[in-house]
Amino acid sequence: QPNLWRCEKDEEFVNCAPRCPQNCRNIRSYQPCLVLTPVCAPGCVCRSGKVKNDRGDCVSITDCFK
């Protein structure tokens, strides 16, 4: 992981992060991805089984519905 990327505790660095990753908001109600290019970019993503909540914290998907 390059030094310029400081991922949080529940995140990991990937070379190809999706431009419109799943999060609590788009899991609860469909929202189309409006970012057309590039397809992906390096960055931090939530670890497996977790998504970002409205505050930007990685939480389990079930927590999105609480």
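Keep in mind that glycine also has a Cβ here, set from the backbone N, Cα and C atoms.
Here Swiss-Prot annotates a disulfide bond for CYS24; of CYS58, CYS64, the partner residue is CYS64. Per Swiss-Prot, the disulphide partner of CYS16 among CYS40, CYS44, CYS46 is CYS40. Of the listed cysteines (CYS44, CYS58), only CYS58 is recorded by Swiss-Prot as the disulfide partner of CYS46. Annotation in Swiss-Prot places CYS33 in a disulphide bond whose other cysteine, of CYS20, CYS44, is CYS20.
Most Cβ neighbours within 10 Å among the disulfide-bonded residues CYS16, CYS24: this distinction goes to CYS24.
Counting every protein chain shown, 16 other Cβ atoms lie within 10 Å of the Cβ of CYS44 (disulfide bond). CYS20 (disulfide bond) falls outside any helix or strand according to DSSP and counts as coil.
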